[in-house]
Amino acid sequence: MTNTLLILPGDGIGPEVMAEVTRIIDWFGARRGLKFDVSEDLVGGAAYDVHGVPLADATMARAQEVDAVLLGAVGGPKYDALDFSVKPERGLLRLRKEMDLFANLRPAQCFDALADFSSLKRDVVSGLDIMIVRELTSGVYFGEPRGIFEEKDERVGINTQRYTESEIDRVARAAFELARKRGNKVCSMEKANVMESGILWREVVQRVHDADYPDVELSHMYADAGGMQLCRWPKQFDVIVTDNLFGDLLSDVAAMLTGSLGMLPSASLGAPMANGRPKALYEPVHGSAPDIAGQGKANPCACILSFAMALRYSFDRGDEATRLERAVEKVLADGVRTADLMQAEGATPVSTSGMGDAILAALDASL
Ligand code: IPM
Ligand code: MG
């Protein structure tokens, strides 16, 4: 079976970090016999500049065909004034929605060498390894009615939180399946105390559990309490499953526990395609960081680790994914740091490609 990849570097630091991922992909081709048929295209502001839309139809069609899409980042100040419908973020949301990528996996893992970067105490975060499963195609991000409307003599902004049973069911299953391969624990978060959608969420997650996953430990928590518990003692969690908006917030909280947004990958998965592989898009959790774009300062690790997730979840090569993750861990343990990971004054950070060099050297050493 051929392995097809669509690379969408996007905006800001996206192209710089993606350039390092391309070197890693080539390494796996040359040294591990893992060949990828790679195509590249535009998304976000970069697509808007050329096509007048943040994702061209041809790009969307290609994304539907490939085994995995790798995305860098979208957005930047240059596009702030654009109409909402063509903002760079709309390109990303279109990919998520049309590929129906309902399960967004956001691991928050604390690399031991970086434990002191967390705003929390070392013992609270060292060894942390949790997985947030965020529902990604529904809820308040997409619910209708939405808009800004005239009402009497003032305007009203409306968004709708909406979940069907089947939408909750499928993301709950994804969380339980993952938990079985990890710590076998799921905590589901909603606001069943104030929201009907939360009541239904809790009920459906419990039902799926009782019917098909009774061996997995399940608990429920209100999402606000969940945010608090994530800061108090995050190691109590294994897999957290939650809706689109709460997942957006909670995954940023969880990300910061680990000390650096520059380290965190994500996978967004949908239903299996004809070849058995899931529809999939992989992207770093960090944004386009326009303030440092084009300066060779960006940390490529999150994007590289997103490719590791692709190896694991799309190409069924958990062994090679682990090899890549270990290489990144080794480089950090050796003290190689991009600027975002610098603590001591006077120390010299490596550049984006310097970090790529170090990871490639660690990969060579792994053979
Ligand atoms: C994320 C981001 C996106 C979101 C934006 C860029 C649309 O914050 O992936 O977490 O809100 O989902
Ligand atoms: Mg977010």
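Positions of Cβ are set from backbone N, Cα and C atoms, glycine also.
Nobody curates TrEMBL annotations by hand; they come from automatic prediction.
TrEMBL lists 4-359 with the feature domain 'Isopropylmalate dehydrogenase-like'. The NAD(+) binding site feature in TrEMBL is assigned to 76-89, 287-299. Residues annotated as substrate binding site in TrEMBL: ARG96, ARG106, ARG134, ASP224. Here TrEMBL flags TYR141, LYS191 as site 'Important for catalysis'. TrEMBL lists ASP224, ASP248, ASP252 with the feature Mg(2+) binding site.
When the binding-site residues GLY76, PHE84, ASP248 are checked against ligand 2, ASP248 have a Cβ within less than 6 Å of one of its atoms. In sequence order, LYS191 constitute the residues six or more apart from ASP224 (substrate binding site) in its chain with CB-CB distances below 8 Å. Of the listed binding-site residues GLY76, PRO88, the Cβ environment within 10 Å is emptiest of other Cβ atoms at GLY76. Checked against ligand 1, the recorded positions PRO88, TYR141, ALA293 give no residue with a Cβ under 6 Å from it. Summarising model confidence by region, the domain 'Isopropylmalate dehydrogenase-like' (4-359) averages a pLDDT of 95. Ranked by Cα separation from ARG96 (substrate binding site), the recorded positions PRO88, TYR141, ALA293, LYS297 are led by TYR141. For the substrate site listed in the record, the two most distant Cα atoms among ARG96, ARG106, ARG134, ASP224 lie 26 Å apart.
According to its DSSP assignment, ARG134 (substrate binding site) is in a strand. Most buried of the recorded positions ARG96, ARG106, ARG134, LYS191, LYS297, judged by other Cβ atoms within 10 Å, is ARG134. Mapped onto three states, the DSSP output places PRO88 (NAD(+) binding site) in helix. Other C-beta atoms found within 10 angstroms of the C-beta of ASP80 (NAD(+) binding site) number 9, with every protein chain shown included. Checking Cα-Cα distances from ALA289 (NAD(+) binding site) against the binding-site residues (ARG106, ARG134, ASP248) with a 10 Å cut-off leaves nothing; none qualify. Take the CB of PHE84 (NAD(+) binding site) and look out to 10 A: across all protein chains shown you find 8 other CB atoms. LYS297 (NAD(+) binding site) sits 22 Å from ASP252 (Mg(2+) binding site), taking the CA atoms of both as reference points.
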